[in-house]
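Copied from TrEMBL, the annotated features are:
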ACT_SITE  Lys83  active site, for sulfotransferase activity
BINDING   Lys83, Gly84, Gly85, Thr86, Arg87, Arg164, Ser172, Lys289, Gly290, Arg291, Thr292, His293  3'-phosphoadenylyl sulfate binding site
COMPBIAS  25-39  compositional bias 'Pro residues'
DISULFID  Cys272-Cys284  disulfide bond
DOMAIN    74-309  domain 'Sulfotransferase'
REGION    21-67  region 'Disordered'
SIGNAL    1-18  signal peptide
Amino acid sequence: MLFLWLYMFYSCAGSCAGLTTRESPAPPRTAPPLPPLLPGEPGEESSLEEQRAAPDAGTPISSFFNGSGTKRLPQAIIIGVKKGGTRALLEFLRVHPDVRAVGAEPHFFDRNYERGLAWYRDLMPRTLEGQITMEKTPSYFVTKEAPARISSMCKGTKLIVVVRDPVTRAISDYTQTLSKKPDIPTFESLTFKNRTTGLIDTSWSAIQIGIYAKHLENWLLHFPIGQILFVSGERLISDPAGELGRVQDFLGLKRIITDKHFYFNKTKGFPCLKKAEGSSKPHCLGKTKGRTHPDIDQEVVQRLRDFYRPFNMKFYQMTGQDFGWD
């Protein structure tokens, strides 16, 4: 009877965060082979293979007795945006003792959905009662199918979007690509369909991602605005403790992460942790962060600002926040 009770306890743990729904794909009986390491910054994240091999495996009953916790589907997801500051936010949040997060980006709701929720849940770290399971995959925000898929998993999932001046974000996006492919065309040539007419090429992902209002409309078809927190990428640099305070409140966590956890690294130009998760040493994001942007023609920058302005105004209205981009 004791073992039956324990089994029932485990099966019910996590509320809807641990259950599948009819709309979700049926989970396979055995997890299929993992894909190659997902594209990302070298040395920035641990691979999914490394996480799957981490020494936290065990049966539900053994996990209960040894206190290692259980794997649950995430109750909160950082869904975007690319080059907005999502990696910094996740690393800062992992300092909190009640936050457990996947290091690598699972890309479940955009690239790996057919693998099923059982595969997805197996990627998650083990949590104890009262802890929050999280993941971050910035491409979810611009993936058309992602809102419905996440809602199907659990309608109560809390969503976090880190946004940044779309012009600066586009240049940062280009800078990252340039570091990997030095022979790509110039930023100016990629920005326009026709530079003479000034027609912006919205099919270029670096431009498209920054049309935040358009992407948000898709999410609001499935989630109420109050279930989405919008974090300022700029304030995450200038006042990390302030933004983390808002995030902790949103997640229902005690405000443990404060000013005492940060110091400003003048060389990199952004805040770093005095002590990272599981370490007593200071920690800054890797060399792939804070790259020097190339010089961009100021006329092109101004045309982009003019292009984004109406979309920014609409985004401010939708979110009830003025991010001060212009």
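Just so you know, glycine gets a Cβ as well, placed from its N, Cα and C.
Model, not experiment: these values are computed from the prediction.
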Compute the average pLDDT of the predicted model within the domain 'Sulfotransferase' (74-309).
93
Taking only the recorded positions Lys83, Gly85, Arg87, Ser172, Thr292, which one has a CA atom nearest to the CA atom of Cys284 (disulfide bond)?
Arg87
To the nearest whole angstrom, what is the C-alpha distance linking Cys272 (disulfide bond) and Arg87 (3'-phosphoadenylyl sulfate binding site)?
12
Can you give me the same-chain residues 6 or more apart in sequence from Thr292 (3'-phosphoadenylyl sulfate binding site) with a CB-CB distance under 8 Å?
Thr175
Can you tell which of Lys83, Gly85, Arg87, Ser172, Cys284 has the most other C-beta atoms within 10 Å, given these are the recorded positions?
Gly85
